[in-house]
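Working notes for the structure below.
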């Protein structure tokens with residue numbers, strides 16, 4: 001429908017005045033805004049990248065990863081950092097828990113010599129550091145480990161036993177308002193790791209809650225619930241964890257999908273194992289009995305041998321990965337069955353700890 005000529009002139013004058021006052025690009029038609037094309041970074045897990053619908057975690061946004069203890073939260077964020085560094089991006093790790101193991105990070109592929117690391121004294125200091133890094137425009141990925149460890153200054157200066165109702169929630173709420181715009185302008189990905197607490201007296205529904213108030217839940221573009229669902233064994237020895245991640249919230253694609261993968265101790269996410277499974281599922285890799293073949297060439301007897309072959313042949317692995325991504329990301333209807341029936345079992349966010 002054509003707009004009245006006088007209205008068009010008035011609109012053009014108004015847009016010109018806004019751009020003159022606030023700068024070029026302060027207002028534009030949505031179709032002209034090329035920054036709306038979401039750039040993503042791989043999570044290190046192929047099935048999780050596909051479950052997210054965009055091929056990874058979105059740049060310029062806030063992401064929350066939460067789950068029980070020893071579920072793989074920090075491992076997943078370190079894999080994101082490793083993937084980002086491979087693309088030449090600069091990463092920072094805000095270690096509020098004072099528990100980052102550089103030796104483990106190196107084993108996961110993180111270049112620790114070029115990883116910025118801070119161990120802040122207070123929650124306010126941690127969030128101010130995040131804001132300063134985002135405003136610099138020079139840092140691409142920031143990880144905060146964890147929201148539960150972001151202790152307000154008043155609580156640190158007070159005594160154990162003092163009541164500080166809602167302090168952390170107010171601190172996070174103020175930080176989210178300040179950070180969201182700066183992250184978008186600098187195209188910086190900010191990942192918050194969060195812990196789970198139990199609500200007292202819940203008779204029906206899920207008693208789980210995440211710490212730090214409601215603001216993070218609203219401002220996060222992606223929320224991931226990560227759980228350990230089993231053990232990976234070699235004979236009698238436990239060598240890793242079977243892990244399930246649910247996409248609880250997703251502003252860039254359809255939510256409530258899930259991915260399952262293995263986290264191997266000392267190695268991280270078993271990417272090549274996922275590649276074998278998804279390759280077979282999409283008929284890119286042929287499986288006859290225990291033998292796996294690719295383009296008529298046998299690559300191994302048993303999944304472990306096929307995985308080892310792909311690890312030794314990275315060019316073939318990249319070729320299969322590219323085909324899997326093209327098949328599953330270009331056509332959402334062909335996505336493997338990662339769906340969750342509903343949002344039951346998703347942790348809510350409480351006002352305080």
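Quick reminder: no glycine exception, Cβ is built from N, Cα and C everywhere.
According to Swiss-Prot, the protein carries these features:
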type	residues	note
BINDING	67, 68, 69, 70, 71, 72, 73, 74	ATP binding site
REGION	330-353	region 'Disordered'
COMPBIAS	339-353	compositional bias 'Acidic residues'
Are there any residues at least 6 positions away along the chain from residue 72 (ATP binding site) with a Cβ closer than 8 Å to its Cβ? List them or say none.
226, 228, 241, 243, 263
Using the centroid of the Cβ atoms of 67, 68, 69, 70, 71, 72, 73, 74 as reference, list every other same-chain residue with Cβ within 8 Å of it (recorded ATP site), in sequence order.
226, 228
Candidate with sparsest Cβ neighbourhood (10 Å radius) among 70, 71, 74, the listed binding-site residues:
70
With Cβ-Cβ distance below 8 Å and at least 6 positions apart along the chain, what are the contacts of residue 68 (ATP binding site)? List them in sequence order.
196, 227, 228
Determine the Cβ neighbour count for residue 73 (ATP binding site): the number of other Cβ atoms within 10 Å of its Cβ.
21
